[in-house]
């Protein structure tokens with residue numbers, strides 16, 4: 001830059017008049033600009049010169065400013081190195097790259113989703129250990145004293161409640177049912193604490209708020225991930241995708257040297273082209289449908305949905321009666337396997353339900369994409385409804401919801417059959433989590449592996465039809481979402497259940513990877529990672545809401561067990577909050593909190609939220625109108641430039657003009673303006689013009705004026721031509 005502005009090198013042509021003035025103007029602009037020097041598009045020597053020009057004359061930079069500049073530079077370099085190290089040493093980075101290259105980003109998104117769930121569980125476990133377990137070990141609360149002595153008036157017997165200990169004392173069986181850990185920190189009943197006035201740290205408050213804080217953090221993480229993937233799904237539609245020609249010529253990474261990396265990259269590009277072609281074909285089929293076909297499709301759609309809805313109702317009823325029967329016969333030695341009856345029925349329903357859904361949809365000859373979407377929606381409904389009915393049946397049996405019992409009227413729960421009902425609910429959720437993981441292992445090594453070995457060993461029409469198992473991403477996602485929902489439901493009853501689920505997710509990753517690479521074949525239906533990630537987070541968010549509603553009801557309204565756990569002397573776990581507020585806060589602060597929790601505060605809050613929502617909607621509408629105007633303005637500007645190019649071309653082509661060169665002049669041909677977007681016609685460019693009868697010297701192929709329609713290409717907003 002210094003050489004360009006101060007002088008010229010030998011051998012170079014003379015500088016144009018006014019070039020030095022332009023350099024001086026550019027230097028003044030750079031000196032007055034607040035833009036960081038490191039982002040300027042100049043060489044390092046020029047950047048040093050610009051930094052010297054920005055410093056005032058006669059004033060030296062102080063030691064503090066130099067140290068601060070060095071610290072910022074060192075911090076930036078350290079941060080970049082840490083980010084590179086994190087990307088290089090991230091969990092499963094190599095495996096995710098291999099899966100994404102061989103099978104596409106859709107299947108890769110499932111394994112990325114597993115990693116996200118693992119991080120959520122580890123964060124939940126960290127919060128629980130930090131605020132509950134470590135303070136409990138450090139403070140060593142005193143013994144709360146002997147259990148309360150009370151006599152239950154149970155119908156038909158006057159004995160004490162059953163402790164829930166089975167006559168069948170097998171250690172392995174007790175591990176699978178959770179009874180071996182009844183007196184450990186895995187379940188609610190093992191947590192004890194003294195009176196609140198005797199300690200400066202409230203274990204009860206920490207135990208109560210930890211699950212709520214974990215659910216809130218998980219909600220924020222899921223929402224952030226959903227919002228992050230929403231623009232890719234909604235705003236990058238069909239009109240804003242780059243053409244296939246750009247992907248053909250710019251997709252390859254020329255830094256690849258290894259044969260394995262080249263193979264993965266070829267598969268990745270091939271999968272991208274398959275997705276593009278499949279989406280284009282699906283869009284073309286939708287556009288070719290007539291009104292009569294759409295009406296028949298709608299009627300068939302309603303009929304199939306009614307039939308599938310009846311199947312879902314029957315499946316939910318089966319889960320309800322299985323849970324009730326299992327709880328009523330849980331103490332019989334001949335019915336020990338009935339303890340796993342509800343998880344077994346739920347697994348059977350979730351296995352047979354999708355098969356029946358697919359069979360009903362295929363009878364109506366739906367298109368493949370419609371079949372997948374319809375089956376997927378009903379599978380989500382079936383999974384979540386199964387867990388919801390399982391929770392309701394447990395509540396009806398343990399908490400007597402909708403039932404009249406003497407013990408429930410006196411103590412708020414079924415005290416005759418469940419001495420510590422929180423442990424009983426925790427055991428049921430523990431068994432459901434164990435059963436889901438065992439089912440994953442069994443399907444991988446007892447179904448998929450033998451099927452692959454038989455298909456490879458034998459040949460015939462039947463084995464060709466059977467083929468390997470198809471790796472269905474939605475089915476696997478729903479299975480893992482079900483396990484995560486069970487974990488969230490058990491945060492209050494089984495605080496260390498996230499640790500167990502983290503181990504299961506870690507093992508599931510390698511089991512599913514082995515199944516995908518060795519035993520399965522990729523699904524022929526391709527889908528984008530952006531749409532799949534948005535769907536995964538939406539289903540996970542529904543599971544989070546399904547887990548939060550029963551937990552909130554139990555914490556605020558249900559009577560705790562009389563002789564176990566932290567809240568044995570409270571009518572509901574939430575009652576510890578008013579007690580601590582009365583103990584720790586002064587009267588003015590108490591009045592403020594009571595006002596914030598009263599109905600009088602809800603009306604101003606609703607008005608404020610309405611105003612904020614109105615402002616947000618107004619801003620979004622104004623932004624959308626501005627975006628539409630900018631798009632129209634961009635098209636108008638491009639059209640105007642094309643008209644100027646046409647006028648200039650006609651002026652240069654006029655013969656006999658004294659001021660302009662002839663059309664055959666080489667200077668005229670060399671200086672003639674061409675397309676502003678070389679290789680890509682701009683939006684708003686004129687359509688194809690009529691071709692002249694014969695070829696000319698300037699256009700021997702007769703292709704002047706031929707352009708691709710404008711709607712095939714889009715450019716990012718703010719680009720200058």
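Including glycine, each Cβ sits where the backbone N, Cα and C put it.
TrEMBL does not curate its annotations; it predicts them automatically.
If you look up TrEMBL, you'll see 116-138 (among others) marked as transmembrane segment. Residues 91, 185, 191, 193, 201, 203, 206-207, 209-210, 213-214, 217-218, 221, 225, 480, 484, 487, 491, 495-496, 498-499, 501-502, 505-506, 509, 540 of the same chain sit 6 or more residues outside the transmembrane segment (116-138) yet have a Cβ under 8 Å from a Cβ within it.
Marked as transmembrane segment by TrEMBL: 203-224 (among others). Outside the transmembrane segment (203-224) by six or more residues, the chain places 116, 120, 123-124, 127-128, 131-132, 135-136, 139, 141, 191, 193, 196, 488, 491-492, 495, 498, 537, 540-541, 544, 547-548, 551, 555, 566-567, 573-574, 576-577, 580 with a CB less than 8 A from a CB of the stretch.
Annotation source TrEMBL lists transmembrane segment at 301-322 (among others). Among residues of the same chain six or more beyond the transmembrane segment (301-322), those with a C-beta under 8 A of the stretch's C-beta atoms are 341-342, 344-346, 349, 353, 356-357, 360-361, 364, 374, 378, 381-382, 385-386, 389-390, 392-393.
The annotation transmembrane segment is assigned in TrEMBL to 334-363 (among others).
Summarising the annotation, TrEMBL assigns domain 'TMC' to 420-530.
Sequence annotations record features per position, and here TrEMBL assigns transmembrane segment to 429-449 (among others).
Packing against the transmembrane segment (490-511) from elsewhere in the chain are residues 92, 95, 111, 114-115, 117-118, 121-122, 124-125, 128, 132-133, 185-188, 191, 207, 210-211, 214-215, 422-423, 425-426, 429-430, 433, 436-437, 440-441, 444, 480, 483-484, 547, 551, 554-555: each is 6 or more residues past its ends and has a CB under 8 Å from a CB in it. Annotation source TrEMBL lists transmembrane segment at 490-511 (among others).
What TrEMBL lists as transmembrane segment is 532-553 (among others).
According to TrEMBL, the feature transmembrane segment maps to 592-618 (among others).
Residues or ranges marked as region 'Disordered' by TrEMBL: 655-721.
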Spatial neighbours of the transmembrane segment (532-553) far in sequence, C-beta under 8 Å, 6+ residues away: 106, 109-110, 112-113, 117, 211-212, 215, 218-219, 222-223, 225-226, 229-230, 233, 380, 384, 387-388, 391, 395, 473-474, 477-478, 481-482, 484-485, 488-489, 491-492
Structural state census, the domain 'TMC' (420-530) (DSSP three-state): 85 helix, 6 strand, 20 coil
Positions on the same chain near the transmembrane segment (429-449), where near means CB under 8 A and six or more residues out: 176-178, 186, 339-340, 342-344, 346-347, 390, 468-469, 479, 482-483, 486-487, 489-490, 493-494, 497, 500-501, 504, 507-508, 511-512, 514-515, 518-520
PLDDT averaged over the residues of the domain 'TMC' (420-530): 88
